[in-house]
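K.L.:
What follows is a single structure, and I will ask about it in a moment.
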Amino acid sequence: MIVAPVVLSIFLQLFVQAAQPWKALDPEQALYVYKRCYEDHLPAGSSRVTYLKSWNAWKLEPNDAVTHCYAKCVLIGLQLYEEKDKAFKSERIPVQHEAYKTLNEANSREVTEYQQALASINAGDGSCVALYNAYLPVHNKFVDLSRKLYHGTVEGAAKIYAAMPQIKQKGESFFAYCAKKIWGGYNKKEWKRGRNYELSGSSQFKKVIDCIFRGLRYMDDSGLKVDEVVRDFNLINKSDLEPEVRSVLASCTGTQAYDYYSCLLNSPVKEDFKNAFDFHELRSADYAFLLRGKVYEGPEQVKEEMKHLNTTVHF
């Protein structure tokens, strides 16, 4: 019988995930959270600048539904709150501190107080407003500390980037970073073939694609994030392809990044996927791209903007 081994495999995967210790967030991961929450929650119109100035200053203002849901987004992204448990995760604060304490100048006593404060509050029903009201007093008291812990100062983040060349740097696309990480520098021949969307199937190229999928947030340890792939099609004005994209991914026989990548490239949406993928490469080097009001203007515009990136293999 086939079902039993499959079910057992799923349970084993979940067990391994649950057993893994929580890992501190690096500056790239934190920056992604902030910018993505901006993208998802900043309103259009004249009020946008007001919110942007306030949030940039780490002020959770104005006290309204927009800021409430922005705050929830950041708390989830920084993993200070778990949606599935409807609970704050205060035990992760000292882990974050230990990882960067020699660089971020955070005070250990204050870290303990911050942890205790977060442990003392209740998430209620987990709604945006409930989380906001619970966390706001903690935020206001420990905002300077939390900025140090979660890479929210320009100086602090720059210091960590400089000390950790092994993480993705600002201005570096995830495609370039992953090629560097897996190959230790560009395997120019295979990388050029790969960026021309040839499916070499080599073990190293599969690792590069896995790294890229994780960097673009298409995947994490729990599996494929279909909504993230669909979002990239939406951003190149191809929202009408959503049913087909979902169908292609759902019918893919493998569950690894390279499997999904291959399925998309062997599907009727392959040309649109290439355009979406290339556009995300550009944005992965500049998390503020969309926030500056820039939009997709076609593959030629993407190629032109890619020429200004020094850390990628150009088209």
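Glycine is no exception: its Cβ is also placed from the backbone N, Cα and C atoms.
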K.L.:
Based on what Swiss-Prot records, which one of C73, C128 is disulphide-bonded to C37?
P.N.:
C73
K.L.:
Just counting, how many other CB atoms are there within 10 A of the CB of C211 (disulfide bond)?
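P.N.:
So the Cβ neighbour count for C211 (disulfide bond) comes to 20.
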K.L.:
Taking the Cα of C69 (disulfide bond) as the centre, which of the disulfide-bonded residues listed as C37, C178, C211, C252, C263 lie within 10 Å of it?
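P.N.:
Within 10 Å Cα-Cα: C37.
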K.L.:
Closest of the disulfide-bonded residues to C211 (disulfide bond), Cα to Cα, picking from C37, C73, C128, C263?
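P.N.:
The smallest Cα gap between C211 (disulfide bond) and any of the disulfide-bonded residues is with C263.
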K.L.:
Provide, as an integer number of angstrom, the distance between the C-alpha atoms of C178 (disulfide bond) and C263 (disulfide bond).
P.N.:
21
K.L.:
Near C263 (disulfide bond), how many other Cβ atoms are within 10 Å of its Cβ?
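P.N.:
Within a 10 Å radius of the Cβ of C263 (disulfide bond) lie 19 other Cβ atoms.
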